[in-house]
Amino acid sequence: MRRLAEARQPLWRKLPVPSSQINPYRIVIVLRLVVLCFFLRFRIMTPANDAIPLWLVSVICELWFALSWILDQLPKWSPVTRETYLDRLALRYDREGEPSRLSPIDFFVSTVDPLKEPPIITANTVLSILAVDYPVDRNSCYVSDDGASMLCFDTLSETAEFARRWVPFCKKFAIEPRAPEFYFSQKIDYLKDKVQPTFVKERRAMKREYEEFKVRINGLVAKAEKKPEEGWVMQDGTPWPGNNTRDHPGMIQVYLGSQGALDVEGHELPRLVYVSREKRPGHNHHKKAGAMNALVRVSAVLTNAPFILNLDCDHYVNNSKAVREAMCFLMDPQLGKKLCYVQFPQRFDGIDLHDRYANRNVVFFDVSLHPLTPSINMKGLDGIQGPVYVGTGCVFNRQALYGYDPPRPEKRPKMTRAAGSWGSTRSGARRISSAAGRRRGRTGSSSAGTSWRRSRRG
């Protein structure tokens, strides 16, 4: 009875920032506002009579900047944080020994030029997605190659093969983060909280296999830098359809998720799909938004998961339970139907903390820092109505993007007894109803404690 009562509890709660932390910040805002009012009064009451036009222009500019500053401070007045309860989510939708009832989710990864966006980084992003702590039959990864590059195609092929060993290794030893490049480069005690005696041996073997995987990817990159005059040719001897990047048919390749695509331990792997949308001359379809629209349509045919999470190719999931945290909001019985998206904060690797231009990314996106810093932008917007969409690391409700309801599960046939025998009634076919008039999302939510991490090289 206690577990049943626990399962009925809310999946998340909103926590205001303590007054001892936010009130000093509010006092500073009020003091600045008072000083600003005195300054503007002085500027208006003391005109420059010998240069009235210049004085008028300067006063207008100062008023405009003052208004911009005030509008920027209003969202920071009431920041909030959100706390999720993954144990309650598991009790309600993912009980041990029962089929999981967690909602399926489609991951979208976008890339354009693999020579500018290193394929090894894209591979790490895909590997971190395939290894997330989520039911494999409810997790699909779609990679959009808007450059129709054979290098990206071959990289995903190698990534799918390496994932057969990497995914079970991560889940067996609860590895964090689950991007191999960043896991093996961590300067921490990797033996902490590890009790299985085979961990050191298997980790050493996995690191060796990853180094071999990097060598194969680097070999593909070196080969791609010298394009043949007649264009690329696939292994079966046919020309690569994407030799002309601005005039080629659409290409779709499913690497994992089909029958026989199992890991080294015989377990099923999440679906991995390569997509390169059709390109024709005379059409301006070379932007990221168009690539995302193509992924929405392709995924609607293959999996049609009710939720979509988009990532840039240089992002990776640094918390394997991030998807479950998003589901605490999107699958909430009361709030879930009203949500359009859940926006996660970002973290950045390899940033020079002394670079004022690179550090701005941390200031804006990193909402988990001290609340008295400018990093409360997203938390402040969340306290009003919802954070803004920052272009990546966002879980969308498909209905808000595509205009169709997610597929409904088929009802179990009812058993009826007649004339001393058991029979069953036929279940009706699934019906997808249109929701074209309900595309506008009502609010957004930001999940605290989880993020997507962006790698930066340079």
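Numbering starts at 1 and runs along the chain as displayed.
Cβ coordinates are placed from backbone N, Cα and C, and glycine is handled just like the others.
As given in TrEMBL:
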- SER110, LYS116, GLU117, ASP146, LYS287: UDP-alpha-D-glucose binding site (BINDING)
- LYS288, ASP312: Mn(2+) binding site (BINDING)
- 423-436: compositional bias 'Low complexity' (COMPBIAS)
- 443-452: compositional bias 'Low complexity' (COMPBIAS)
- 405-458: region 'Disordered' (REGION)
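Positions of the features from TrEMBL, shown on the structure.
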residue : record                           : Cβ contacts under 8 Å, 6 or more apart
SER110  : UDP-alpha-D-glucose binding site : VAL143, SER144, ASP146, LYS288, ALA291, MET292, LEU295, ASN310, LEU311, ASP312, CYS313
LYS116  : UDP-alpha-D-glucose binding site : none
GLU117  : UDP-alpha-D-glucose binding site : THR111, CYS313, ASP314
LYS287  : UDP-alpha-D-glucose binding site : none
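ASP312 (Mn(2+) binding site): 22 other CB atoms within 10 A of its CB, across all protein chains.
Local packing around the Cβ, expressed as the count of other Cβ atoms within 10 angstroms, is greatest for ASP146 among the binding-site residues ASP146, LYS288.
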